[in-house]
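Undergrad: Starting off with a structure, shown below.
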């Protein structure tokens, strides 16, 4: 990826075909990895500053077609590379899902209540996230879906389960 300035407009909006495209695994070493991660972090911070919400972003949301997720929560790693769900509970939960690529709405989706994620660090080491809370499980399922070209509207429980995001937070 060439050097570009990241702005709020860098976050792809619903309808952009790249959001429904699958990504490629990061091969180590990757000469663009640090730059891609920096771009993701910049986009996440800009979104949070503007909208006052948002905990994570997947690389395809800014047009980087690689398996990278940036996270800004205190109890999860800040970057997951090549994450994959390797276990999930049979128990599910209904949640209101929102997305930086369609920030005006939230949709009801069904997610596994608990998952285990295998991922790589920036250095390529393999790690695991286990015993995740329902909130973290939902978050990571959303981002890992993005890496497979799945957006939240694909997982809606019903066409009638859409609300304005403002109503969700009211």
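Numbers here mean position along the shown chain, with the first residue as 1.
Placed from the backbone N, Cα and C atoms, the Cβ positions cover glycine too.
Below, the features straight out of TrEMBL:
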type	residues	note
ACT_SITE	143	active site
BINDING	99, 142, 146	Fe cation binding site
Undergrad: Could you list the residues of the same chain, at least six apart in sequence, whose Cβ is under 8 A from the Cβ of residue 142 (Fe cation binding site)?
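TA: In sequence order, the residues whose Cβ lies under 8 Å from that of residue 142 (Fe cation binding site) (at least 6 apart) are 56, 97, 99, 111, 152.
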Undergrad: Using DSSP with the three-state reduction, classify the residue listed as 'active site' as helix, strand or coil.
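TA: SS state of the residue listed as 'active site' = helix.
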